[in-house]
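S.K.: The structure under discussion is supplied below as structure tokens; questions concerning it will follow.
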Amino acid sequence: MESMNVKYPVEYLIEHLNSFESPEVAVESLRKEGIMCKNRGDLYMFKYHLGCKFDKIYHLACRGAILRKTDSGWKVLSYPFDKFFNWGEELQPEIVNYYQTLRYASPLNEKRKAGFMFKLPMKLVEKLDGTCVVLYYDEGWKIHTLGSIDANGSIVKNGMVTTHMDKTYRELFWETFEKKYPPYLLYHLNSSYCYIFEMVHPDARVVVPYEEPNIILIGVRSVDPEKGYFEVGPSEEAVRIFNESGGKINLKLPAVLSQEQNYTLFRANRLQELFEEVTPLFKSLRDGYEVVYEGFVAVQEIAPRVYYRTKIKHPVYLELHRIKTTITPEKLADLFLENKLDDFVLTPDEQETVMKLKEIYTDMRNQLESSFDTIYKEISEQVSPEENPGEFRKRFALRLMDYHDKSWFFARLDGDEEKMQKSEKKLLTERIEKGLFK
């Protein structure tokens, strides 16, 4: 079952983490590469963020992977999909080279643009417009989203936090899970796998108006280091569970269209024609399928149970997403920091706006980091932060009396990524209002 002689991106990540003297030093180094880390005890979640250039193989694994730090090293608990790129997005040479070392066949696309790089069969998988939730085993079945270790984030609907709902994604998932599946489903799951679901729900709508809540299995991956971090087809695992349960459990799956590749169509980048061609086929697979759907993921198996994915979003979806998302300075800062602007940035004017935004953010972070380093060094010469942390913190606070953005400095001192991001959102919003909306 497992793929042989494959070194997965998460193994590159482990190798990189092991090169540092401590998790704290590793996290700090990754942060400078645009990889954010959320920490709960000995658990670490790695998620790419603003500024990640995706020029290292281990960057691909940082899409919500959760690892545990042990005395003997790092253990993978959950490993969702590797990073997959938007159609037409340029890939860094190291990433292209990595995929080419795994490929069955020669590359189709010589310009390093995300798309069908390989002359291999492909399938188009329905891209659901929901929330990715991963189920993994750690002394019991637990879940996380791609941005939260415990899935305790607030529900977002139409791009806005639904403050009227006293629920988290974790509560919404288990509530939906209990409605859709029998509780004994968990007994049929493989504890050496993590299960990647897409949760769609009227109360967590983005664009597509799903009328009924649902949980759809979109991916399965081994987290057994001895066998390898290979993927298992969702339909394959669904059939196994269906058979083992005597036909009592029927996992929901996304619509999948398998077809021979049309390289002329894709090389010409005529995506509108592609959607005109495949939308009726998808509608035939899913009864009552909406014409306006998010799009699809094009999947190619480039080595045994190793997949290369490209996401292609429906033009109408992109336009509706633009309309649904109120682009206030605060919302723009939020989308930018969450690395989600690629969902709707299309026009040259918008591309120019993003470039300005990057300049504003880079300037802001450089100023903050420079000030932090200066203050930290200055106070460290007076009192040791290790030997007398209380006095150090007191002097640190006094030194910040005249600073507008004290919360960022304390979050940076404590290594609290979530508070840093919250503070950065506030600061970036202020700078956007001055720099882009004046």
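A Cβ is built for glycine as well, from the same backbone N, Cα and C atoms used for every other residue.
Remember, it's a predicted structure, so these values are computed and weren't measured experimentally.
Per Swiss-Prot, the features are:
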ACT_SITE  Lys127  active site, N6-AMP-lysine intermediate
BINDING   Tyr48, Arg63, Lys83, Glu198, Lys311, Lys313  ATP binding site
BINDING   Asp342  Mg(2+) binding site
SITE      Glu198  site 'Essential for RNA ligase activity'
SITE      Tyr317  site 'Essential for RNA ligase activity'
S.K.: Within 10 Å of the Cβ of Glu198 (ATP binding site), how many other Cβ atoms can be counted across all chains shown?
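M.R.: Neighbour count, Cβ to Cβ under the 10 Å cut-off: 20.
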S.K.: I need the CA-to-CA distance for Arg63 (ATP binding site) versus Lys127 (active site, N6-AMP-lysine intermediate), whole Å please.
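M.R.: Each residue's Cα considered, Arg63 (ATP binding site) and Lys127 (active site, N6-AMP-lysine intermediate) end up 17 Å apart.
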S.K.: Would you identify the secondary structure of Lys127 (active site, N6-AMP-lysine intermediate) according to DSSP, in three states?
M.R.: coil
S.K.: Just counting, how many other CB atoms are there within 10 A of the CB of Lys83 (ATP binding site)?
M.R.: 16
S.K.: Between Lys311 (ATP binding site) and Lys127 (active site, N6-AMP-lysine intermediate), how many Å separate their Cα atoms?
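M.R.: Roughly 8 Å, rounded to the nearest whole number.
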S.K.: Starting from the Cβ of Tyr48 (ATP binding site), draw a 10 Å sphere and report how many other Cβ atoms land inside it.
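M.R.: The answer is 22 other Cβ atoms.
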